Amino acid sequence: MTFTNPNWPTNFRDFFPNGTSGLILAMGITFIAFEGYEIIAQAGDEIKKPKKNIPKAILVSLGIVVSVYVLFAFVFIGGLDPLQIGQPAWEFIGDYGELGIIEAAEYYLPFGALIVLAGGFVSTLAALNATTFAASRVSFAMGRNHDLPPVFSRLHPKYRTPFVSTICSAVVMITLAMLFDLTMIALAASVMFLFLFAQVNVACITIRRMAKEKKLTYGFKTPFFPVVPAIGFAVVSILAVYLLFAQPLSWAIAIVWIGVGFLIYRLYTSKREKQATAPLVFNQEPSERKEYRILVVFSKNTSTKLAKIAAAIADQKDGEISFLSVITVPKQTPLSFANKSGETGIGVFDELKKSISHSIRHRYLVRLSHDPTEAILATAEDEGINTMIVDFSFLRHNRKLLSLSTCDIIGVVPGKDFDKDMSNLIVSYDVGRHSNLGLEIAHAISADSKSKIRVIRGVTQSPQAEVEIVNKINEVMFDLDIKKIQFEKVYPKTKNMLISSELLKSYNKTKNGTLILGAGNQADAAFSPKALELADKSKKTVFIVRNHMFSEFHTRSFFNILLQIIKENKILYRSYIEILAGISFVKSKQKIGRYDEEYFDSKSQ
């Protein structure tokens, strides 16, 4: 049909009539037209040989869809004669909006509009079927994993399909279609999918790095990693930001929808998920909580030493300590069957309790889990932990804990003369926030136990840069009120010589000492090679500290700010008190024992 129009080449001469901004806006609006291939991954439970077939199906489906779209655009734009319709083809189609293709079809074929409508109806039914299928499977999986109420994971007794999640998905889609304009739905959906694919690109990078040392076999590996996912993240982010200015209502709808999801997660999902994957079976806590909170992950051989470090930091920061014991249950054993394990977990604290001063507020926690890392992450989130202290042997290769934790981490390698080592603190200062945390920890321990502090800087940069680094050290020391400490610069003997060997010589000047190292600023590794080399070759106690930029920001921080605002308004504050009273009443009607060792006994009866 395009080639029957003698003027078809003129329709493609002005390829960007509205400029680049028009192209970007169109990309944002029509992004949803390319959505759907991820449904293949969402149906992974029902696909044979998913490792091989899912990547192949995604690439094939994208190739088919893009080819059809290009062919359609070529035919409908090229086939219209501007002399006959009195305006450019793209403008004619655009003026009619969603009916543009139907109007164009009238110029091509008898009953063209009817044919296009019939084709559109069939494709819409196919898309609706695929969308409903995907939405129901996602909500089914979320129900199975306790991200949604368990009712979503129910299967039909006869057809073995997730009928509850299918019905709920259909109700949500019908409600949205009836309440909002079609264009606004498309825009809001596009923003949501842009957010989704931005997260997928970030997850692609994060998961690959988390599983780097596991040597997994992939059915498909993204080429030019991590350049491709980084470009994907940048592109979808630009489109999303552009839609914010071009169609702000789309963002408003998306933000409201995300807010609803966040409330569901905070008020329901997160608690249920943790109860299912890492239930708390023992919780001995003080009546009042401190703002600064430290988590010590129990280890049979090192917990007493870790507790000493935690006590010094808690004493200086007016904080509290939580001691966590994780009872690892084999994956083939349901957690509900480990009902007597809580008693074992409580007993491991007996020796530890003797070494803890009663002047420091502390508590003991026991969790069951198939994965100890899940239990630690759940505790860190539940308790709003600021600093975690853990044996470095557990932390070193745990990319999951390092990537997903939201607090500062101190990995400890205890030396043979731990108590003597603690009397001399040697801070190795590199560039970055990790070394600043090292100085802060050294100051806290020194103030508590009168330890000496020595700061060593391995010179690796230009003289001007080194001056700036020394100034930064002075600023941090001034903020911490650190005075009269020894400062030493270490230089490599030759340009090609590694600074780590000279640093080791400097560290060994004292017989006993605790070496405090920053984790390093490696983008592709949890710890820098230099930090690992120094930790391995040093015979002293070693702390490797990792600073999290947002360790001071927790939900309670924002809640405290919000509560102050509420208190200033009598009506809001009265409503807040009534809501709390209602929540307290509901909780009092629920079964008691969820957080103690008798919980699983009651469930197994």
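From the backbone N, Cα and C atoms, a Cβ is placed for every residue, glycine too.
Copied from TrEMBL, the annotated features are:
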type	residues	note
TRANSMEM	20-37	transmembrane segment
TRANSMEM	58-80	transmembrane segment
TRANSMEM	107-140	transmembrane segment
TRANSMEM	161-179	transmembrane segment
TRANSMEM	185-204	transmembrane segment
TRANSMEM	224-245	transmembrane segment
TRANSMEM	251-268	transmembrane segment
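185-204 is the stretch from 58-80, 107-140, 161-179, 185-204, 224-245 with the greatest number of Cβ pairs below 8 Å to the transmembrane segment (251-268).
Highlighted: of the candidate stretches 58-80, 107-140, 161-179, 224-245, 224-245 has the greatest count of Cβ pairs under 8 Å to the transmembrane segment (185-204). Sequence-distant contacts of the transmembrane segment (224-245) (same chain, at least 6 residues past either end, Cβ-Cβ under 8 Å): 21, 24-25, 27-28, 31, 187, 190-191, 194-195, 197-198, 201-202, 204-205, 208, 251.
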